[in-house]
């Protein structure tokens, strides 16, 4: 089986594929100081809890936007799986031209999302990823990565409110607000985040559409995608597994033929 690993600034998402089918996924916190053996213990425990074995893994592909973590993860793969993983980065075949001033600056996760979106929709698409940062990426109808937008993520904004104010509490769980007019502090912050980010998303998508001048499919992914999409009429689809699917596609384009 293929183990796909998406290492983000806040969380690391793992997906186990049997051919093209995602059979299980896990989400763990990204920790810069985690050792090789700590990764081994954690991932073996996750596998054991769901009836999988380290020996089941025949290949690994990794997308990582946290360079200090990558070396430990590579060594973990060699020690516990006896596998040299494929790392998404320069020199990897994505099948997608990247039109960016410096293509090396584009986060691996953004390219992986773009590859998955074009492979699935085959049309001009905007991918909105609600991660540590909220990103908007435009893929042309020819399957070209054309650039995008980076804005502060939802949790970054919440942490800023908590650390930069004296009386506002930390809020980590969000729900669809019953009303924009809230009656207590927590509800007020919840409404501000949900409706504020829905407005941000609609505003950026509208500006991108006006500038691009073509009809676009909009797909959202990331931890809070479904919640924000419920308040944003411009998002067409939500795919929680878009990044993992993109990693599988890129693996197929780079695996060695027997």
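Yeah, the Cβs are placed from backbone N, Cα and C, and that goes for glycine too.
Features reported for this protein in Swiss-Prot:
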| type | residues | note |
| --- | --- | --- |
| BINDING | 6, 7, 8, 9, 10, 11, 12, 13, 132 | ATP binding site |
| BINDING | 100, 107, 108, 109, 110, 185 | substrate binding site |
| ACT_SITE | 109 | active site, proton acceptor |
| BINDING | 129 | K(+) binding site |
Just the number: how many Å between the Cα atoms of residue 129 (K(+) binding site) and residue 107 (substrate binding site)? 12
CB within-chain contacts under 8 A for residue 132 (ATP binding site), separation at least 6: 8, 9, 10, 153, 155, 156
Rounded inter-Cα distance in Å - residue 110 (substrate binding site), residue 12 (ATP binding site): 15
For residue 10 (ATP binding site), the number of neighbouring Cβ atoms whose distance to its own Cβ is within 10 Å equals 15
Sorry to bug you, but what's the C-alpha spacing from residue 107 (substrate binding site) to residue 6 (ATP binding site), rounded to the closest Å? 11
Helix, strand or coil: which one is residue 185 (substrate binding site) in, per DSSP? helix
Taking only the Cα atoms, work out how far residue 100 (substrate binding site) lies from residue 12 (ATP binding site), in Å, as a whole number. 26
Between the binding-site residues 8, 107, where is the Cβ count within 10 Å the lowest? 107
Note down the number of other Cβ atoms within 10 Å of the Cβ of residue 185 (substrate binding site), including every protein chain shown. 12
Residue 12 (ATP binding site) versus residue 108 (substrate binding site) - Cα distance in angstrom: 14
How big is the gap, in Å, between the Cα of residue 107 (substrate binding site) and that of residue 12 (ATP binding site), rounded to a whole number? 15
